[in-house]
Structure formats: C-alpha cells, structure tokens
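See below for the structure under consideration.
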C-alpha cells in the first residue's frame, strides 16, 4: 500500500469572511515567458506561488534564466539563451509552457518545443500557433513530437486567426516583440492577453489595440527591463464567489478587478444574490433561494470557460433546471461524472448539459483537471456530510493556499493522507 494526499471536506457550512485575490496565473505564465526576450533584469511584484509557476521557472532556468524569490516578488534575468530546446519532461506538465516557443524564436532565431501537456479535457490543438509563426515568416515543422521553428530575419507580417485564440495571440506577440512587426486579426481580447501587451510595452515594444480584435505590435531591436505588477486572478475570484453562492454564504473580495468578472456577476445577480461592487472590491451576500440560469461559456467578455465547471457545481445546488454549454471546449465535462457521485442530477446530450438542482451529499471523488477540481471543492463545501477529493496535484496547480484560505472563511477542510493500492509489477 502507498499513500496519497486527499482534500477532506465536511460540507454544509456557509463561507463567510474577506479574501484578497491573488495575481492571475494565466497572466503570469506568458509574462514569465516574455522575460526571455531581454537580457535586462525584470522584477515581477506579487507573483502566484503555484506549481505551474514553478514548472515555468524550471523551464526558464533550463533555457538560461536566473531567478530569485523575495517573498512574493520575483527577480529574473536572462543574460543569454543557453538552450533553444524546451524538453518534454517540463512542457509535458503544463500546456502554457508551449508559449516559450515564440520568445525563443525572437531572441535566439530558433526554438524547439515538445508537444504541450497539462489538463486533459477536449481537443486543444496548436494549429493557430503554427499558422501565426508561418504567416510571420518563420520556417516551422514537426518531428517526433517536437515542434521546430527558425527564422532568418525579424518576424513580421499580418496574421488572420481562424478564431480568437489566447495562446496563439500570445505566441505571435512574443515572436515579433524583438525587432518584428505584426497586425493580428481576430486576436484574443482576454485580460491576460492585455496584461501581456502592457508588459511588452513596458519593455519597449509598441502595442496598439489591446482588448480589441485587431492588435498591432511593433517590436524594438533591444528590449529593456523593468518592474511590473500582474493583474488579479479573475478565475480564482470567480471560484470563491461561486463557493460562497453554493454554501449560501457571504464574501468580500479585495484586490479584484470586477470589470473582468462582468459575465459571472451578472449571472449571480440574476440568480438573486446581493452584490456591491467598487473599483477593486466585491461584496457578495447569497440569497437562501437562488434561481437557476443558463451558462454559455465563450470568449471574453463572455462567461469564462475556466469557470464553467465551477458554475456547474453551483447550479447543481440550485433548485430548478439550468443548462450549460461550452463554446470554447465543447467536451469540457470531466467533472460531470464525479458530481453525479455526490448526487447531482446531470444529463449530457449533444454537448448540452442539463442540471437539475438538488441537495448534494458527500462522496469520494477525483479531480481530473484544475477547474474540475475547483468544481468538486465547491460541491463538497455545499454538500451534506463529508467528501474526500483526490487529485490534490491539480488543485495546487490552480489555487494557492486553497486549504488555508477556505479555513479562514469557516470551511471545515484539511489535507490528509489516504492509503492507495500500488499496482503489481
């Protein structure tokens, strides 16, 4: 027998209290990749201390970056690129690490990156990344599970994406930031993409149109260093709001960007909950009798796909019928079977999930990706009885100090070891 860590949750306690939102992981990762573009020192203030960030730093160190933590502040410098190969053992752990491809191509003239890994839900191709780099003038090919690219001049051109793509947009921005120039059509408008653009502007690139479908970027021959503060994590903020809603609690979030959460806040308001919103804070008070609603996850400013599983868990506690559709990842429903183990009534047909809300009960469940894990935590907090959630690894990739922060809000949760049968040789 071996042991694994599980999150033990005794449900039924409304969450109450105040919470300061941590910086956004999905903004930090491409900004970390962008640090490869300059030999000058970079300081990032308030960086999330998550497993995904540590994996990205391991990859950057392999490529030539020197870094040091000072509390939650991160100091980085890449005097030279020591390797242009991003190996599978690092890239395979996290899809976002694929973004170093464009930065390597810009700084070193070539980049070789293994097929990305990360959360296993749906089909998430990299064809738009390849299309962007080829449109900008790079030679791109794939061999034995590794993507290769090289250039003979600074990359420039016009990229027309087939659809808005966060990763593809970020990849193109990094590829041209050092001496190149590009117009990106159907660019992603997510806050994390905008944050990367602001960071590149700090380093010396000229960026226009951020937050719109057409972005123009003109790189500088040499980028400088600087100090930057990453935006708050809208997905973390949304997860805690939905947890408070599911447990019929009350929550004040500080250090948040309410304008990044318009789609969720509108749904919560229409569900009957009370909300007060300031420039950088949200006060939430749950109604005891919330109404069901329809969720359709789509590109920003629509409802975030990363909050779709967590919203599903909340709706499973709301009497009446709700429906959930994900236009970004239509098969992102790895959480459905596990929620059903807790008594949730869920029916998936033609990629439309129908949710019939009811009181949930505790169960042994397993997180299969980061946000499915968040969904199971929300469900367990609201359920009657105790739950054990396996897959703590995924939770630690997406939620910093999750156990401690939930405890501070009154939740009865803790990590503990659970026996696991080992496979025979």
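Please read every residue number as a count from 1 along the shown chain.
Positions of Cβ are set from backbone N, Cα and C atoms, glycine also.
As annotated by Swiss-Prot, active site, proton donor applies to 119, with the evidence given as sequence analysis.
According to DSSP, residue 26 (phosphoenolpyruvate binding site) sits within a helical segment. Under the heading phosphoenolpyruvate binding site, Swiss-Prot lists 25, 26, citing sequence analysis as support.
Residue 328 (UDP-N-acetyl-alpha-D-glucosamine binding site) counts 20 other C-beta atoms within 10 Å of its own C-beta, drawing on all protein chains shown. Per Swiss-Prot, UDP-N-acetyl-alpha-D-glucosamine binding site is recorded for 95, 124, 125, 126, 127, 128, 306, 328.
Taken from Swiss-Prot, the feature 2-(S-cysteinyl)pyruvic acid O-phosphothioketal covers 119, and the record attributes it to sequence analysis.
Each residue contributes its Cα atom, and for residue 128 (UDP-N-acetyl-alpha-D-glucosamine binding site) and residue 26 (phosphoenolpyruvate binding site) these two points are 19 Å apart. Each of the binding-site residues 25, 95 was scored by the number of other CB atoms within 10 Å of its CB, and the largest score is that of 25.
Taking CA atoms as the reference points, residue 126 (UDP-N-acetyl-alpha-D-glucosamine binding site) and residue 25 (phosphoenolpyruvate binding site) are 20 Å apart. There are 19 other CB atoms within 10 A of the CB of residue 126 (UDP-N-acetyl-alpha-D-glucosamine binding site), with all protein chains counted. In this structure, the binding-site residues 127, 306 were compared by how many other Cβ atoms lie within 10 Å of their Cβ, and the smallest count belongs to 127. Rounded to the nearest whole angstrom, the C-alpha distance between residue 25 (phosphoenolpyruvate binding site) and residue 306 (UDP-N-acetyl-alpha-D-glucosamine binding site) is 12.
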